[in-house]
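Here's the structure we're looking at; comments come further down.
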Amino acid sequence: MAPGSRPMAPGSSPPVSPSRYRQRAQDAPEGRVSGRAAPSTLLLLLAYLAYLILGTGVFWMLESPAAHDSSERFQRDKWALLRNFTCLDGPALDSLIRVRGERGGLGAGGIIQAYQNGDVILGNTTSMGRWEFVGSFFFSVSTITTIGYGNLSPSTMAARLFCIFFALVGIPLNLVVLNRLGHLMQQGVHRCARKLGGTWKDPAKARWLAGSSALLSGLLLFLLLPPLLFCHMEGWSYVEGIYFAFITLSTVGFGDYVIGESPLPMSPGHLLCARPWG
């Protein structure tokens, strides 16, 4: 017995040092941790989706009547212009309104403003930019992810007030979800590195390979492959698709490129595939 140390009581176990605790934590099977984390992550994702659907329903309910009234006023103004300017037909006027609205042009002020607010339907314009279910869901996602493209914004005071409270809760919830998903992906990379390290007997090389593979997969999945889909859906070039993907993922969201506003027809499957980037 060391000088100054207390004698142990009969039947008691020796004290465990902090380093021993750390060793036990490292040796513990990771399946227990991931097994407990998976159900909680699933519940968190379900709560996140339910919150988005709640916001979608409220925005749709508050904004659709005003958008309907604005759309009717737009149609009246449009036909008034067609009566006064007989050199224009309906499709030509739609193209003029779309081009001048997207470029911030002035002229026919009420019509241009209605188009920029997402209250009107021009040609094959999809519901991404209107206050229908898809457009309201699009707005809810862009709000709590802080992307804020600016192509769609609430016009009624009730919707604006609700948007404040919706964002106050939704933005922290979005950060929690991203943090949880990032933690799970990190655990997956570490698990792969340990398995490879045990096979190759070279932990450093296994960690490098697992990290590089995860980085390459992320670049392919979120930055390099999506532009191919945008080229087909929106008629953009590949460089424009990369630009849009980066601006969206970085949450800058200038709004100069937004999916679903091309005159090309889009199926619900296309919109579903493009949803993570818009």
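Cβ coordinates come from backbone N, Cα and C, glycine included.
Pulled from TrEMBL, these are the features on record:
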type     : residues : note
DOMAIN   : 126-186  : domain 'Potassium channel'
DOMAIN   : 227-260  : domain 'Potassium channel'
REGION   : 1-34     : region 'Disordered'
TRANSMEM : 42-62    : transmembrane segment
TRANSMEM : 133-152  : transmembrane segment
TRANSMEM : 158-178  : transmembrane segment
TRANSMEM : 208-229  : transmembrane segment
TRANSMEM : 241-259  : transmembrane segment
Leading stretch by Cβ pairs under 8 Å, where the reference is the transmembrane segment (208-229) and the options are 133-152, 158-178, 241-259: 241-259
Stretch of maximal Cβ-Cβ contact with the transmembrane segment (158-178) [cut-off: under 8 Å; candidates 42-62, 133-152, 241-259]: 42-62
